[in-house]
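**Student:** First the structure, which I've put down as structure tokens, then a few questions once you've had a look.
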Amino acid sequence: GASFSLHVLSKINSYKSQSTKPIRGVASMAKKSVGDLTSADLKGKKVFVRADLNVPLDDSQNITDDTRIRAAIPTIKHLINNGAKVILSSHLGRPKGVTPKFSLAPLVPRLSELLGLQVVKADDCIGPDVEKLVAELPEGGVLLLENVRFYKEEEKNDPEFAKKLASLADLYVNDAFGTAHRAHASTEGVTKFLKPSVAGFLLQKELDYLVGAVSNPKRPFAAIVGGSKVSSKIGVIESLLEKCDILLLGGGMIFTFYKAQGMSVGSSLVEEDKLDLATSLLAKAKEKGVSLLLPTDVVIADKFAADADSKIVPASGIPDGWMGLDIGPDSIKTFSEALDTTQTVIWNGPMGVFEFEKFAAGTEAIAKKLEEISKKGATTIIGGGDSVAAVEKVGVAEAMSHISTGGGASLELLEGKQLPGVLALNEADPVPV
């Protein structure tokens with residue numbers, strides 16, 4: 001309503017006087033990047049690149065979505081264009097020991113096609129045969145090592161195993177954001193033996209947006225948090241409450257907040273053990289002067305199914321036996337108006353059960369609104385998980401400033417945690433003042 005708009009406008013005016021710094025200005029997170037390395041640093045050097053090539057494969061070993069492979073290409077291209085010898089490492093799936101269906105062999109044709117050269121494939125990731133292939137690599141060549149998780153030592157971050165991996169190369173590039181929150185041999189252990197250890201372009205972009213833009217946003221800064229459970233998003237909400245001006249909540253978690261406020265929620269999803277927490281988060285938002293918006297109306301259903309009967313009711317009027325599965329049209333309008341005032345938005349988690357067409361309107365409306373404000377110059381960040389699927393489904397992914405490729409890694413960064421795979425990298429050179 002009007003009071004909300006006035007509240008936001010008064011905040012906006014108070015920010016106009018503040019200076020804006022460039023995104024990379026977050027000193028604590030500035031890492032040396034592969035872009036800082038020139039041909040003088042790279043020509044003839046063996047570079048161990050840990051990428052995240054964990055792509056989905058069908059039963060015939062065909063790649064069903066090559067997004068992660070495409071995302072790894074800029075870093076590899078920069079290295080080969082500067083005469084490096086690239087030793088590429090990744091995991092795929094969660095193999096228990098050597099498991100042929102988790103081999104990286106099916107990735108070779110697509111990698112070769114995207115790089116415009118024949119990628120050589122090793123049948124192992126350490127040992128004499130691999131060492132021989134490394135010795136034969138020409139400048140600008142690429143060797144793909146076998147799935148690093150075929151060794152249980154990888155996830156144990158075994159120092160002997162890390163040393164064997166590191167012995168293949170002269171320097172290290174981590175471009176695997178999706179596993180940066182894990183201290184494994186190929187993400188953290190190898191950095192103890194290889195200097196410099198630097199961030200790849202993909203990892204760098206994730207840090208620039210999820211840490212840089214969130215720590216030092218163009219304001220007003222809004223966070224949209226959805227998803228079915230408060231429990232999985234507590235850390236994110238608590239961390240973002242410290243930084244954002246507007247917090248919009250949607251998805252199944254809202255019913256825990258409603259119940260905490262004494263409203264009846266019918267048979268909607270509620271986490272009974274999180275009611276006190278919901279109350280304290282509402283109080284914290286008030287104390288911090290954050291405009292926390294909960295949906296004022298919801299789309300309810302008589303069962304959890306695509307063909308359920310549905311109707312729109314005020315949030316305070318959910319009858320027994322009905323469950324809320326999406327935010328309603330009034331909420332979409334209020335949320336959209338709030339987003340129109342913003343300069344930076346981060347979105348993590350859908351507004352409703354968008355897999356069912358009947359309950360997808362809220363999520364789709366948010367995606368379209370983000371496309372609209374993005375085109376007007378706002379910074380829009382999709383913080384991993386189901387929100388990524390949502391913007392892709394609506395066809396607005398191209399318009400977003402940044403779409404995070406991480407699941408757990410994105411959440412941990414948004415929770416304000418340090419990631420082991422990032423901490424292990426060399427600091428950026430001090431910028432001359």
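Keep in mind that glycine also has a Cβ here, set from the backbone N, Cα and C atoms.
Swiss-Prot lists these features:
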BINDING   Ala51, Asp52, Asn54, Arg68, Ser90, His91, Gly93, Arg94, Arg149, His181, Arg182  (2R)-3-phosphoglycerate binding site
BINDING   Gly227, Gly251, Gly349, Phe354  CDP binding site
BINDING   Gly227, Gly251, Phe354  ADP binding site
BINDING   Lys229, Lys233, Gly252, Gly324, Glu355  AMP binding site
BINDING   Lys233, Gly252, Gly324, Glu355, Asp386, Ser387  ATP binding site
BINDING   Asp386  Mg(2+) binding site
TRANSIT   1-28  transit peptide
**Student:** Other Cβ atoms within 10 Å is the metric here; tell me which of the binding-site residues Glu355, Asp386 scores highest.
**Tutor:** Asp386
**Student:** Taking Cα atoms as reference points, which of the binding-site residues Ala51, Ser90, Gly251, Asp386 is nearest to Lys229 (AMP binding site)?
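**Tutor:** Going through Ala51, Ser90, Gly251, Asp386 one by one, the Cα closest to that of Lys229 (AMP binding site) is Gly251.
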**Student:** Are there residues of the same chain, six or more positions away from Asn54 ((2R)-3-phosphoglycerate binding site), whose CB falls under 8 angstroms from its CB, and which are they?
**Tutor:** Arg68, Ser90, His91, Leu92, Gly93, Gly178
**Student:** Among the binding-site residues Arg149, Arg182, whose Cβ has the fewest other Cβ atoms within 10 Å?
**Tutor:** Arg182
**Student:** Restricting the comparison to the binding-site residues Ala51, Arg149, Gly251, Gly349, Phe354, which residue's C-alpha is spatially nearest the C-alpha of Asp386 (ATP binding site)?
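**Tutor:** Spatially nearest to Asp386 (ATP binding site) by Cα position is Gly349.
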**Student:** Please name which of the binding-site residues listed here, Gly252, Gly324, Glu355, Ser387, is nearest in space to Arg182 ((2R)-3-phosphoglycerate binding site), Cα against Cα.
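**Tutor:** Of all the candidates listed, Ser387 is nearest in space.
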**Student:** In terms of Cα spacing, which of the binding-site residues Ala51, Arg149, Gly227, Phe354, Ser387 are within 10 angstroms of Gly252 (AMP binding site)?
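**Tutor:** Taking Ala51, Arg149, Gly227, Phe354, Ser387 one by one, the ones whose Cα falls within 10 Å of Gly252 (AMP binding site) are Gly227.
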**Student:** In Å, rounded, how far does the Cα of Lys233 (AMP binding site) sit from the Cα of Gly227 (CDP binding site)?
**Tutor:** 8
**Student:** Looking at AMP and its recorded binding residues Lys229, Lys233, Gly252, Gly324, Glu355, figure out the farthest C-alpha pair and report it in angstrom, whole number.
**Tutor:** 20
**Student:** For Phe354 (CDP binding site), write down the residues of its own chain that are at least 6 apart in sequence and whose Cβ falls under 8 Å from its Cβ; none is a fine answer.
**Tutor:** Asp326, Ala360, Gly362, Thr363, Glu364, Asp386, Ala390, Lys393
**Student:** Identify all same-chain residues not among Gly227, Gly251, Gly349, Phe354 whose C-beta atom falls within 8 angstroms of the centroid of the CDP site's C-beta atoms; report them in sequence order.
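**Tutor:** Along the chain, the qualifying residues are Gly226, Ser228, Gly250, Gly252, Met253, Pro350, Met351, Gly352, Thr363, Asp386, Ser387.
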**Student:** List, in sequence order, those binding-site residues among Ala51, Arg149, Gly324, Glu355, Ser387 whose Cα sits within 10 Å of the Cα of Gly251 (CDP binding site).
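**Tutor:** Of everything listed, what lies within 10 Å of Gly251 (CDP binding site) (Cα to Cα) is Gly324.
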**Student:** Check the binding-site residues Gly93, Gly251, Gly349 for other C-beta atoms within 10 angstroms of each C-beta and report the one with the most.
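**Tutor:** Of the binding-site residues Gly93, Gly251, Gly349, the highest Cβ count within 10 Å belongs to Gly251.
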**Student:** I'd like to confirm something. Which of the binding-site residues, Ala51, Arg149, Gly227, Ser387, has a Cα closest to the Cα of Gly324 (AMP binding site)?
**Tutor:** Gly227
**Student:** What subset of the binding-site residues Ala51, Arg149, Glu355, Ser387 lies within 10 angstroms of Gly227 (CDP binding site), using C-alpha positions?
**Tutor:** Ser387
